[in-house]
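*Asks:* Before I ask anything, here is the structure I am working with.
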Amino acid sequence: MIFAHAVADVRAAEAALMAQLPEGALMQRAASGLAAVCARVLRGEFGDGLRSGGHRRRRGGPYGARVVLLVGGGDNGGDALWAGARLARRGARVDAVILRHDRVHGTGLAALKDAGGTVVSGDDGPMTTATAAAIRRADLIIDGILGIGGRGGLRPDAAELAEFAASASAHVVAVDLPSGIDVDTGEISGAHVRADTTVTFGTHKVGLFVDPAAAVAGDIELVDIGLGPYLPAPALQVLEFADVARMFPEPDRNADKYRRGVLGLLAGSAQYRGAAVLAAGGAVHGGSGMLRFAGPDAVAADVLRRWPETVVSAEAAEAGRVQAWAVGSGLGEGREHEVAAVLSAGVPVLVDADGLRKLPPQLASPALLTPHAGELARMLDAQRSDVEARRLHYVRQAARRWNATVLLKGSTTLVAEPDGPVRVNPTGSPALATAGSGDVLAGLGGSLLAAGLTTFDAGSVAAFVHGMAGHVAAELSGYPSASDILEALPGVLAELRRPANR
Ligand SMILES: NC(=O)C1=CN([C@@H]2O[C@H](COP(=O)(O)OP(=O)(O)OC[C@H]3O[C@@H](n4cnc5c(N)ncnc54)[C@H](OP(=O)(O)O)[C@@H]3O)[C@@H](O)[C@H]2O)[C@@H](O)CC1
Ligand SMILES: Nc1ncnc2c1ncn2[C@@H]1O[C@H](COP(=O)(O)OP(=O)(O)O)[C@@H](O)[C@H]1O
Ligand SMILES: [K+]
């Protein structure tokens, strides 16, 4: 599992660690890790990142490379200067653009000059003819404008510099984080740097994983500076393949279909018949022992044709015993009384799409709500654009509001509980943004709930597997449909469940 911590916790851990170490030791660890990643960038070991297109790709390493440092008035600028000094000693031509001469990290600047680096900015501002020329011909730009001490977007002179750097063809490496993002929320409130690679220190920072900020961080490289023992519980968790492989329910020797868990599915309608078929497909593969589908004859017939293992009934009340419900995908209007009955049935429930329209103020059983940004906006009486800009804020708010697990879908899928760390799904891709793909996710998540996973684990495991299936489907079909994603599921699950991976 990968973790990210809040700035206050990073600061406290740094203070505790620094008390044990000689002055400046931590910055040397950070700068040495930063310089090592920069050397790899200059050897061409990194892709072109997000700003791909106009990059001049260098392969020769630091010797003879042109490096520009953007240096703010704090320790983030200090890291850049010390790393610049190391690169200069290895033969790079290093030019520093100093934003605040009165605040610049003194020993870092002296070290850079000793190593042969030069300052190209002027006394009255960072943008000079020499600055522009250095940035235009740079192979690598190191963004040390702001780190965890930054507040709000970049100020005008830094913003102008960042904009000029963005128009250059150099690879941009951000020190700790792309300057100007809100590091604890992933929000962006003004001008900021766009990085191809971010080298972060001690632990990951929240904003590096949450859009919109994550989208401007590029590849993330973590440099261990020894903070680990001093860090408290993380603010964010990112599951990895091995975590997910371990979290799957393992049917025991004397399992039967009931003990493996039965999922009830209330999805699809005359208008959205396919939603029932797609959700049922996610469900029959998701680890539960049996699927009971409740819905109108025509929809049930479609489900049975595709998934003959399903047991169908006309109404939720006639479905029989289940260990969990998944409700709402493509359900349309008119079955609100059934949704209400399912929500008070006393078993865990995944609530998607139309099931989210009229949620009661209190939910009677453990619930996993799976809105996209538009649905969450409607639930919280907010604007969709605001939910997309402040994903972490709103997902946490909804989790507290309904005392439930909330899985917010989209470019960063987040899974939040009323308290504790939020999980970010690392496998998402725009390939998933296709009609019906959310229905597959709902069926899969519901099935995992029925099989006994908690709402938090079921949501995060389902999102992870769904994302992997999206990648596999994209390799096979270019622009995969939801049916393609569904078809890729068994292969992905087989890989995850292989004994060697558990
Ligand atoms: N502590 C450690 O042990 C280690 C820390 N490390 C490194 O230190 C970094 C944190 O350093 P830091 O605390 O000095 O803050 P930092 O992010 O450089 O910026 C502060 C300066 O920015 C300014 N400023 C603020 N907002 C602004 C804006 N919007 N636009 C423009 N300017 C703005 C603010 O000025 P003021 O607001 O006072 O005018 C102040 O001068 C951390 O990210 C990591 O890289 C590593 O070496 C590992 C060991
Ligand atoms: N830009 C994106 N990047 C990654 N995943 C995305 C993106 N846009 C949508 N998704 C994912 O695609 C799925 C779409 O689900 P949903 O919005 O419910 O669509 P539908 O209702 O048509 O099934 C969700 O899993 C969501 O997280
Ligand atoms: K930075």
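Backbone N, Cα and C define each Cβ position, glycine as well.
Summarising the annotation, TrEMBL assigns domain 'YjeF N-terminal' to 10-233. For 75-79, 147-153, ASP176, ALA275, GLY330, HIS372, ASP439, the entry in TrEMBL reads (6S)-NADPHX binding site. Here TrEMBL flags ASN76, ASP143, SER179 as K(+) binding site. Taken from TrEMBL, the feature domain 'YjeF C-terminal' applies to 240-496. Residues annotated as AMP binding site in TrEMBL: LYS409, GLY410, SER411, THR412, THR413, GLY438.
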*Asks:* Cα-Cα separation of GLY410 (AMP binding site) and ASP176 ((6S)-NADPHX binding site), in Å?
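*Replies:* Cα-Cα, rounded: 25 Å.
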*Asks:* Does any of ASN76, ASP143, ILE148, ASP176, SER179, LYS409 have a Cβ within less than 6 Å of an atom of ligand 1? These are the binding-site residues; tell me which, or none.
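*Replies:* List returned for ligand 1: ASN76, ILE148, ASP176.
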*Asks:* Based on Cα coordinates, which of the following binding-site residues are within 10 Å of GLY438 (AMP binding site): ASP75, ARG151, HIS372?
*Replies:* HIS372
*Asks:* Using a 10 Å cut-off, grab the number of neighbouring Cβ atoms around the Cβ of LYS409 (AMP binding site), all chains included.
*Replies:* 24
*Asks:* How would DSSP class SER411 (AMP binding site) in three states?
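*Replies:* For SER411 (AMP binding site) - judged by DSSP and reduced to three states - the answer is coil.
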*Asks:* Return the members of ASN76, GLY78, SER179 (the binding-site residues) with CB less than 6 angstroms from at least one atom of ligand 3, or none.
*Replies:* ASN76, SER179
*Asks:* So what's the mean pLDDT when you look at the domain 'YjeF C-terminal' (240-496)?
*Replies:* 96
*Asks:* Using a 10 Å radius around its CB, how many other CB atoms surround ILE148 ((6S)-NADPHX binding site)?
*Replies:* 22
*Asks:* Could you tell me which three-state DSSP class ASP143 (K(+) binding site) falls into?
*Replies:* strand
*Asks:* Between ARG151 ((6S)-NADPHX binding site) and LYS409 (AMP binding site), how many Å separate their Cα atoms?
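*Replies:* If we compare the Cα positions of ARG151 ((6S)-NADPHX binding site) and LYS409 (AMP binding site), the gap is 28 Å.
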*Asks:* So if I draw a 10 Å sphere around the Cβ of ARG151 ((6S)-NADPHX binding site), how many other Cβ atoms end up inside it?
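*Replies:* So the number of other Cβ atoms within 10 Å of ARG151 ((6S)-NADPHX binding site) is 8.
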